[in-house]
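Student: According to Swiss-Prot, the protein carries these features:
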type	residues	note
BINDING	64, 112, 194, 198	Mn(2+) binding site
TRANSIT	1-36	transit peptide
């Protein structure tokens, strides 16, 4: 019963549709759709790959989006299809084994879908400091925006999250490779920064501090503020 519930739950409802799937992914999706299963697809970006330059190169953005993110989606759909078959056959062993693949690849899909929305070109407000409610909350919980940035940059590994703990009614900083909700059901992601090497190495090589220093120039605080307003009300 738990496996059937997991299969049917739309945990990635915030992901946008993308019609330009790679050929291999499109074939796999068509096969899965013919069996009546929901297929997750690569979300479109709200900006061009080169729009975040010079902070993040167009080459990195294209590879990160079309290759890394797409791989998570492909493997997630594959795992869900295998889960469907295992449940139909009452294969408990395979059902249990697939949970890690579902969590890892589904989590990668969630994380990257959030990350893209957390970025914006400078010409579209990227880097502009948060105002009003979120700005006040940051000052209250961390002292200042600069102090928050220093705290996140000091961690500098995996995925760095600024989240809202709805139970404690405060902002928190967390480091994890999984979606923030796996660390607590009351945690809502406001801002996620990908600090894995694939997000910066082609451009910044092994100088990760420079990547962390510069990425704040294209952070979409407007989007983070909108999520905060909705979730804190």
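Using the three backbone atoms N, Cα and C, a Cβ is placed for every residue, glycine included.
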Student: Taking the Cβ of residue 194 (Mn(2+) binding site) as the centre, count every other Cβ atom within 10 Å, in any protein chain shown.
Tutor: 22
Student: Quick one: what's DSSP say for residue 194 (Mn(2+) binding site), helix, strand or coil?
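Tutor: Its secondary structure by DSSP: strand.
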Student: Could you list the residues of the same chain, at least six apart in sequence, whose Cβ is under 8 A from the Cβ of residue 64 (Mn(2+) binding site)?
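Tutor: Those within reach of residue 64 (Mn(2+) binding site), by Cβ under 8 Å and sequence separation of 6 or more, are 112, 194, 198, 199.
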Student: Let me make sure I understand the structure: which of the binding-site residues listed (112, 198) has the fewest other Cβ atoms within 10 A of its Cβ?
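Tutor: Candidates: the binding-site residues 112, 198. Fewest Cβ atoms within 10 Å: 198.
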Student: If H, G and I count as helix, E and B as strand, and all else as coil, what does DSSP give for residue 64 (Mn(2+) binding site)?
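Tutor: It is helical.
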